Amino acid sequence: MAEKEEKEPSKLKSSTGVSRPTISLPPRPFGEMFFSGGVGFSPGPMTLVSNLFSDPDEFKSFSQLLAGAMASPAAAAVAAAAVVATAHHQTPVSSVGDGGGSGGDVDPRFKQSRPTGLMITQPPGMFTVPPGLSPATLLDSPSFFGLFSPLQGTFGMTHQQALAQVTAQAVQGNNVHMQQSQQSEYPSSTQQQQQQQQQASLTEIPSFSSAPRSQIRASVQETSQGQRETSEISVFEHRSQPQNADKPADDGYNWRKYGQKQVKGSDFPRSYYKCTHPACPVKKKVERSLDGQVTEIIYKGQHNHELPQKRGNNNGSCKSSDIANQFQTSNSSLNKSKRDQETSQVTTTEQMSEASDSEEVGNAETSVGERHEDEPDPKRRNTEVRVSEPVASSHRTVTEPRIIVQTTSEVDLLDDGYRWRKYGQKVVKGNPYPRSYYKCTTPDCGVRKHVERAATDPKAVVTTYEGKHNHDVPAARTSSHQLRPNNQHNTSTVNFNHQQPVARLRLKEEQIT
């Protein structure tokens, strides 16, 4: 029995030795792995490269699996041990299933019982082409063309060696790409580190002081906030300057703006103001420069009331009184010669520089005409010199009269009892006869007149008087000039210190053409 038992294992061993299957693939040329059309099929370069890097088959052959496992040295040993284990495991399965049939048949369940060592999960492509490795560089590599070198023959390099070389090149390309990406990111990280170090150094600078950091930060915040508020205030003042430019300098009186006029060549209009005190006829005109600054203030008339006091602002009233005192001091020399005669009448010698003032049109009770805009320049310059008249006065104010006298005479200059000096002449548009300008020769008398002949009637002489005389009619020099009666209240006498003449003199409004 012992011999039989010894023979049976020997027979079993012999039978297993005969029926053991051999997993070996038929010899396959090396070039067939790059294309699936057979040996006679010659694909293009792109097809060759695509077949090299990807394989559509889900289950690889043993040679391809072994070649993929060779990419890592550790997997090679595991793959070798797995092949031996598969060979021993496959023998009883085939003998039981086939009853000791031919060893060429392999159980179809072989792929299901494949050891885990050979179950290599791979992406759709066998290799991932790195950014640094292109198909052109792969084709130009000497190792790729060495596969088909005539010196080595068709099988100069094995399948495993070729795949190992391509894998090494791919890994090297991946390493180069990773190094480049790290170098490109390195400067940004260093800059961030430098900024963090600078911030840390700035926060650590005040550590030597005795004050805590919270106080230092609070002081820094207050300083920055103060600078910001200062810049905002400067911007606000810069923006609000054009808005406040419409308000002239405060002279102590209350004014109400009643009109303005656009000046040619300037963005800022000419403003007209009137004193807000009841029954006060004082008005003023404010001229501005191109940048909005007040360049000239022209006053007309005198205040018949005292300087008003500011409500709840003592400083403002003091400033107003100081300004009024300055006006009085600067014009004290002009007031000395007039104070003796102001008890009976008060005259004003202020003249407007242009005739477009709207305040003169509204004074119908004392003015029957309009100011000529075409007066000569000497008169205008003299008028501007007289701008600074005293504004702080409690006397009664009398506005300037403007009277037009039209007579028929062969002589242009009529004898009205006063002495005149001619200071200019001008040709009026639409009138062939010139206009002559005269000024009273009495000192400190600002009365003027201009004489012209009517364009429609050459014998009609039009004489326009401006202002009132602040003196009596001077005595006649010779008897030849006694053309006027001695009675000053005669209706033929034009005397502006008393009642206005109403006899032969016809008053009319002057029409400027």
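Glycine is no exception: its Cβ is also placed from the backbone N, Cα and C atoms.
The feature region 'Disordered', as given by Swiss-Prot for the ranges 1-26, 105-130, sits at 1-26. Per-class residue totals from DSSP over the DNA-binding region (409-474), listed helix then strand then coil: 0 helix, 28 strand, 38 coil. Helix, strand and coil counts from DSSP across the DNA-binding region (244-308) read 1 helix, 26 strand, 38 coil.
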